[in-house]
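S.K.: Have a look at the structure that comes next, please.
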Amino acid sequence: MYASREDIGYDFGDDSKAGSKPIKPNPNIDGGWAWMIVLSSFLVHILIMGSQMALGILNMEWLEEFNQSRGLTAWVSSLSMGITLIVGPFIGLFISMCGCRKTAIIGGILNALGWILSAYASNVHYLFLTFGVTAGVGSGMVYLPAVVMVGQYFQKRRALAQGLSTTGTGFGAFLMTALLKYLCTEFGWRNAMFIQGAVSLNLCVCGALMRPLSPKDIVSEKYVARSNSEDNQAKALSHSAETIKSNGVLSEEPEKKEEATNEEVLDSVQHIEIGGKSRSGRNMYGLRILKTVSQLTVTVRKGFAIWYSSYFGAASLFTNRVFVAFIIWALFAYSSFVIPFIHLPEIVKQYNLPSQNNIFPLTSIIAIVHIFGKVILGIISDLPCISTWNVFLMANFTLVTCILTLPLMQTYVSLAVVCALIGFSSGYFSLMPVVTEDLVGTKHLANAYGIIICANGISALLGPPFAGWIYDITHKYDFSFYISGLLYMVGIIFLLIQPCIQKKQPREKSTEEAQV
């Protein structure tokens, strides 16, 4: 399970010459402005994920206002949560073209617009478009950059940084629930959504804090990571990254030719602009517009080329078998975490435990322990003698065991213990960006993590309705946990099988060469 960091797929390139030059570590890597990035990501998780976990308050208001079925009304919240994650691969295209800062600022405006327009909803179907789609896409445009920027600014303490930033989800669940309750009581749900839209404009401030690293900083970051790799043990699988490392770099010659051509176009425009000073102001204005359009075209083409090669070209992320197994795991994992939040109140009612649950709800136990789980697992994963991959797998095994055993618990104390374990082990969510970066490298993190959260979004969108369908057939909540737990176990098995295949292939090849 251990591997050297030299095998991890960071795109260092050929540094035989540059490696001899001493490079000073960038003070903003693992320190300085990096902690402002953590603060920005923390606030993003509060405003986006925390708000989505508090949508139950608004869901009750919508049921009373529009008199629609529970299933139809629940799709508003489900669409918002699912689309936030499903649009991940497309947000990767925006990041490739515009960068994380601009993408997040545009997403903040779009999210706020979705909340404000929803205040004027006349029916549930109107909310599908304004809140489910508009606010959902805006949330996705802020959420992915918030995760990617933390991965870019941290090397030694990545797991801890991701853990601290994602704890905003737990804090946000409490803060936003209290805020929406107060606003709905005092001003009504329509004014509450309008005010929440104004609050969501703070996402633009969070996006402004996402200061991009300069090219020199990125190069320095890579070489510092390379020099430190000799003293640290792996936190990911070695051969899983070799495919991306060997195939994942775009051909440099076409890029250089394209950039040279684009520079010639821009230079010609500049030459015309200088030579035309004696012409009228209208012509000068037109030339400036032409120059701006040319620069924008260059940026879009380059960003699209990187995005396209990551998904469909020779450098496709899907050539990495362990990454593909990671996607399959993500398709089953997230629903197993969401289902307990939905069915726990019914299980408590079935076992006649409402009085104890009202004092301290089981879902609150999961949420509170979940916060500590993210931080503690992040600290453990950053220890030099511990592999992030092993911590990730152990947390997954613990969670799937709890999901399968939860229906067997019939007392409040036993349910509380299992829920606490679910909350702690589900803290592995903070390790997902770290594991993804270890598998594909920093260069491909935005596109790769976009695919992972897209799979999580599909799981979040389809998991709860699937569990409800199972209940309609069996009239028992137990089978929802058993089936989701077994599917979750299948995803974990995929994660275990692929590393074994990756390790066997080089050995078999060397054996054949020895025989020849």
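Just so it is clear, glycine is given a Cβ too, placed from its N, Cα and C backbone atoms.
Keep in mind it's a predicted model, so treat the numbers as computed, not measured.
Pulled these features from TrEMBL for this protein:
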type: DOMAIN; residues: 37-503; note: domain 'Major facilitator superfamily (MFS) profile'
type: TRANSMEM; residues: 33-55; note: transmembrane segment
type: TRANSMEM; residues: 75-96; note: transmembrane segment
type: TRANSMEM; residues: 103-121; note: transmembrane segment
type: TRANSMEM; residues: 127-148; note: transmembrane segment
type: TRANSMEM; residues: 160-180; note: transmembrane segment
type: TRANSMEM; residues: 192-210; note: transmembrane segment
type: TRANSMEM; residues: 322-344; note: transmembrane segment
type: TRANSMEM; residues: 359-377; note: transmembrane segment
type: TRANSMEM; residues: 389-409; note: transmembrane segment
type: TRANSMEM; residues: 415-436; note: transmembrane segment
type: TRANSMEM; residues: 448-467; note: transmembrane segment
type: TRANSMEM; residues: 479-497; note: transmembrane segment
S.K.: Output the single range from 75-96, 103-121, 127-148, 389-409, 479-497 maximising the number of Cβ pairs under 8 Å to the transmembrane segment (160-180).
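M.R.: Checked against 75-96, 103-121, 127-148, 389-409, 479-497; highest Cβ contact count belongs to 127-148.
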S.K.: Restricting to CB pairs under 8 Å, which listed stretch, 33-55, 103-121, 322-344, 448-467, is in contact most with the transmembrane segment (415-436)?
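M.R.: Most Cβ pairs under 8 Å with the transmembrane segment (415-436) come from 322-344.
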S.K.: Give the nonlocal contacts of the transmembrane segment (192-210) in its own chain as ranges (CB under 8 Å, at least six residues past its ends).
M.R.: 36-37, 39-41, 43-44, 47-48, 51, 58, 100-105, 107-109, 111-116, 118-119, 138, 142, 145-146, 149, 179-180, 183-184
S.K.: List, by number or range, the same-chain residues at least 6 past the transmembrane segment (127-148) whose CB is under 8 A from its CB atoms?
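M.R.: Here the qualifying positions are 40-41, 44-45, 48-49, 52, 62, 75-76, 78-88, 91-92, 94-95, 100-101, 103-104, 106-115, 117-118, 121, 162, 165, 203, 206-207, 210, 433, 445-446, 449-450, 453.
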S.K.: What residues in the same chain, six or more past the boundaries of the transmembrane segment (389-409), come closer than 8 Å to it by Cβ-Cβ distance?
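M.R.: Contacts with the transmembrane segment (389-409): 1, 234-237, 329, 333, 336-337, 339-340, 347, 373, 377, 380-381, 415, 417-419, 421-422, 424-428, 431-432, 435, 438, 477-478, 481-482, 484-486, 488-489, 492, 495-496.
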S.K.: Are there residues at least 6 beyond the ends of the transmembrane segment (103-121) whose Cβ is under 8 Å from a Cβ of it, and what are they?
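M.R.: That would be 44, 48, 91, 94-95, 127, 130-131, 133-146, 190-191, 193-194, 196-198, 200-208, 210.
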S.K.: When each of 75-96, 322-344, 448-467, 479-497 is checked against the transmembrane segment (33-55) for Cβ pairs under 8 Å, which one has the most?
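M.R.: Top-ranked stretch among 75-96, 322-344, 448-467, 479-497: 75-96.
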S.K.: Which residues, given as numbers and ranges, are at least 6 beyond the ends of the transmembrane segment (479-497) yet have a Cβ under 8 Å from it?
M.R.: 322, 325-326, 328-333, 335-336, 339-340, 343, 393, 396-397, 399-400, 403-404, 406-407, 463, 466-467, 470-471
